[in-house]
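What TrEMBL records for 20-39, 46-69, 75-95, 116-135, 150-169, 190-211, 231-252, 310-328 is transmembrane segment.
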Amino acid sequence: MLQDPMDFEWSYWIEWGRERILWLLAGHLLVSQVSRLLVEKYKLWCLMVYGMAACWLLLGIKGFAVILLHATISFAVAQFQLSLLTWLCSLILLSTLRIPAVEETKRKWYDTENEYYLLLFTVSVRCLFCTSFSLEYCWHGPAQKTSHSFLWMLAYVFYYPTFHNGPLMNFDEFSKQMRKQEAFSLKTNLSILIVGIIRIFFWWCLAELMIHLMYIHALYSSAPPLEAASYWALGGLALAQVLFFYVKYLVLYGVPALLLQMDGLKPPALPCCVSLMHSFTKMWRSFDVGLHRFLVRYIYVPMGGSQSSLLGTLFSTALTFAFVSYWHGGQSYLWYWGALNWLGVIVENGVKRILSISLIQELI
């Protein structure tokens with residue numbers, strides 16, 4: 001049976017997974033468990049070396065050099081301990097991904113477009129990791145700088161389970177959990193691994209069934225069927241698409257989350273089912289938990305957040321969605337998407353404030 005080929009993200013990561021990434025993740029698992037068993041004290045550095053080797057193998061020496069250069073520049077700028085300067089550096093590094101001359105140069109490094117896109121996706125995710133480390137460095141005093149050394153940055157940036165596509169884990173969480181040397185039980189870890197693999201396999205089968213039977217994305221890419229469909233049918237297609245998006249990310253985030261557990265870390269919660277969500281706010285809090293924590297910790301709260309005035313809250317929320325739109329690519333449709341999400345969150349919070357007024361509550 002032919003599958004719907006129009007969901008680029010699913011086809012892309014499944015192809016890479018089958019070819020190399022799953023094997024490299026299995027290698028990480030082996031290194032992690034052996035180091036936890038034999039040299040727990042040096043586990044972090046073993047994983048750092050493995051992550052750097054895997055990056056070199058998959059992206060080549062030039063791709064490895066780009067990521068190392070980004071980390072080095074970010075660390076150098078963080079030495080000034082100015083959050084605004086760190087953010088400026090991060091945005092400039094992110095903008096280099098969209099300079100046509102730089103894009104063409106990077107394309108020439110690889111034989112196929114898929115290899116170039118792997119570098120592009122990886123560097124964009126690494127930018128968030130570099131930003132997280134650099135801001136934490138700015139916020140911590142001299143006494144805590146030993147746990148914020150350049151080696152710690154490399155261990156964080158090159159941590160392989162989250163390397164290509166996330167999920168995002170802020171540096172403060174990563175460092176705290178990595179420093180904890182918990183009791184290691186091979187039997188417990190084996191049971192976690194078996195149950196996790198069964199769950200991920202079930203989600204993968206469900207996603208493949210949807211791709212082979214429903215053809216949601218093929219329908220969306222053709223105007224005539226959409227024009228002929230009723231509003232009820234269009235609503236059903238929209239629901240089917242977001243449900244597939246949910247199942248897809250259970251797989252894409254489920255695999256690295258399982259490896260994080262095997263490493264003794266607590267991964268960000270997996271996406272919450274979209275059918276259980278009734279608000280924009282809950283969607284942003286519960287779908288990509290790692291990204292939400294990043295946005296709240298490094299953009300929303302520092303800019304005032306809900307503790308500031310009404311205009312301050314509007315501004316900090318707008319800045320958060322502007323960054324999300326820019327990080328995803330900055331195309332015009334992403335700005336519309338970000339603006340609509342911002343509007344949805346603002347309307348919801350406005351209605352909540354109105355309903356919290358005692359007079360309104362008495363009327364209700």
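A Cβ is built for glycine as well, from the same backbone N, Cα and C atoms used for every other residue.
Predicted automatically and left uncurated, TrEMBL annotations should be read as such.
Most Cβ pairs within less than 8 Å of the transmembrane segment (116-135), among stretches 20-39, 46-69, 75-95, 310-328, belong to 75-95. Residues of the same chain lying 6 or more positions beyond the ends of the transmembrane segment (231-252) and with a Cβ under 8 Å from any Cβ of it are 7, 9-10, 13, 165, 200, 203-204, 206-207, 210-211, 214, 216-217, 219-220, 270-271, 273-275, 287-288. Between the transmembrane segment (46-69) and the listed ranges 20-39, 75-95, 150-169, the one holding the most Cβ pairs under 8 Å is 150-169.
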